[in-house]
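Copied over from TrEMBL, here are the features:
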| type | residues | note |
| --- | --- | --- |
| BINDING | T61, V109, L136 | S-adenosyl-L-methionine binding site |
| COMPBIAS | 22-39 | compositional bias 'Acidic residues' |
| DOMAIN | 46-75 | domain 'RNase L inhibitor RLI-like possible metal-binding' |
| DOMAIN | 83-213 | domain '16S/18S rRNA aminocarboxypropyltransferase Tsr3 C-terminal' |
| REGION | 1-39 | region 'Disordered' |
| REGION | 223-246 | region 'Disordered' |
Amino acid sequence: MASPASDNEEICQNMSEVKINEEDEDSEDNSSDTSEDSVEIEVPFKVGMWDLKQCDPKRCTGRKLMRLEMIDKLGMSARFNGIVLTPVATESVSAKDNQIIAEYGVAVVDCSWARLNDTPFHKLQHRKAKKNLRLLPYLVAANPVNYGHPSKLSCVEALAAAMYIAGFKEIGDLYMSKFNWGPTFTRLNQELLDSYAECKDGKEIVAFQNQYLDQLDYDCQRDRNFPESSSDSSSDNDVDTTVPNQ
């Protein structure tokens with residue numbers, strides 16, 4: 001996902017945020033367009049979603065996945081034993097979750113970023129399987145609503161990132177291919193996703209993330225202090241490759 005140069009300061013200010021993504025209700029109408037590069041493969045595990053109906057159904061990535069029969073809608077009391085992506089978790093998703101996802105699947109809570117405080121996470125079934133609650137590490141959104149913003153991912157971005165990190169890259173790519181902006185998410189976050197996937201557990205991922213964010217902070221401070229030298233050394237094509245990912 002390309003981020004305008006003017007977004008650099010906001011990225012610096014928000015780089016310490018580590019949240020999972022949920023689709024924002026103000027998503028662009030074209031956010032659900034399908035990429036022409038879509039390639040169908042079998043998904044050998046369950047993919048679920050708690051739909052809290054906080055988003056515009058015509059713009060929600062989770063609901064598009066439902067229409068494509070690529071995600072199952074979960075009731076508030078539904079039993080789900082797989083990995084659950086939620087901001088109330090304390091551990092990052094990692095390669096260690098590969099077997100849990102393979103056997104039980106992965107799910108996300110579909111709510112609006114603007115209404116996190118109103119979201120009854122405590123009422124969802126995943127409270128019964130707290131050991132499987134997961135956060136996502138630092139990544140940059142490519143969806144039209146939060147394009148260029150750290151951590152504010154849509155449902156499909158969150159699911160695809162978790163799949164990628166846990167060792168299901170091709171399936172993650174399949175989900176992103178259903179949106180015309182989807183491949184941009186992987187391209188912008190490629191280096192980070194690959195690095196996270198190489199970490200053995202959540203602790204290693206957090207350590208790598210923190211190291212990355214420290215370097216990002218240093219680079220942002222340097223660019224503020226030496227704006228002319230920074231602009232002189234950057235090409236017009238640097239936007240896509242230097243957007244901070246995690």
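Here the Cβ of each residue, glycine as well, is placed from N, Cα and C on the backbone.
Curation does not apply to TrEMBL; its annotations are automatic.
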Helix, strand and coil totals (DSSP H, G, I; E, B; other) for the domain '16S/18S rRNA aminocarboxypropyltransferase Tsr3 C-terminal' (83-213): 75 helix, 14 strand, 42 coil
Mean of the pLDDT scores, which run from 0 to 100, over the domain '16S/18S rRNA aminocarboxypropyltransferase Tsr3 C-terminal' (83-213): 88
C-beta crowding around L136 (S-adenosyl-L-methionine binding site), within 10 angstroms: 26
Pairwise C-alpha maximum, in angstrom, for the residues (T61, V109, L136) that bind S-adenosyl-L-methionine according to the record: 18
